[in-house]
Amino acid sequence: MIKIDFEKMGGLIPAVIQDNESGEVLMVAFMDEKTLNLTLESGKTWFFSRTRNKYWMKGEESGNTQDVVEVLTDCDADTVVIKVKQNGPAACHTGNRSCFYVKYENGSWVEHSNPLFDPNTVYKK
């Protein structure tokens, strides 16, 4: 039986979140064993925030949740790809559909931002 290897990165694994229909990579976040199990049990994506040092469910503040369609691991069992149905317009906390909207062009990084919501309105803190 394959067991996910959480030890290589100090208890965390990268989780690549991909739109199930388009194949677009929406975001990359980190999971520990607890958040992977929460994801598998609930059918929603859960992560561990290294910045805030806490667990969080995608969309718990914005409403832009993710329904899990399929979960895969790589040949080393130290990374997962989670194919999701994205609920709401955007996966990124900046309001963009994907967190990957900055592109390397002609020797520099260029932002191709097209926010679908205003983060200042959605994340009222």
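Glycine is no exception: its Cβ is also placed from the backbone N, Cα and C atoms.
Per Swiss-Prot, these features apply:
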BINDING   Asp74, Asp76, Asp78  Mg(2+) binding site
BINDING   Cys75, Cys92, Cys99  Zn(2+) binding site
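Projection of Swiss-Prot feature records onto the structure.
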residue : record              : DSSP class
Asp74   : Mg(2+) binding site : coil
Cys92   : Zn(2+) binding site : coil
Cys99   : Zn(2+) binding site : coil
Cβ neighbours within the same chain of Asp78 (Mg(2+) binding site) - under 8 Å, at least six residues apart: Ile4, Asp5, Phe6, Lys8, Met9, Ile13
Among Cys75, Cys92, Cys99 [binding-site residues], residue with fewest other Cβ within 10 Å: Cys75
Among Asp74, Asp76, the most crowded of the binding-site residues [Cβ within 10 Å]: Asp74
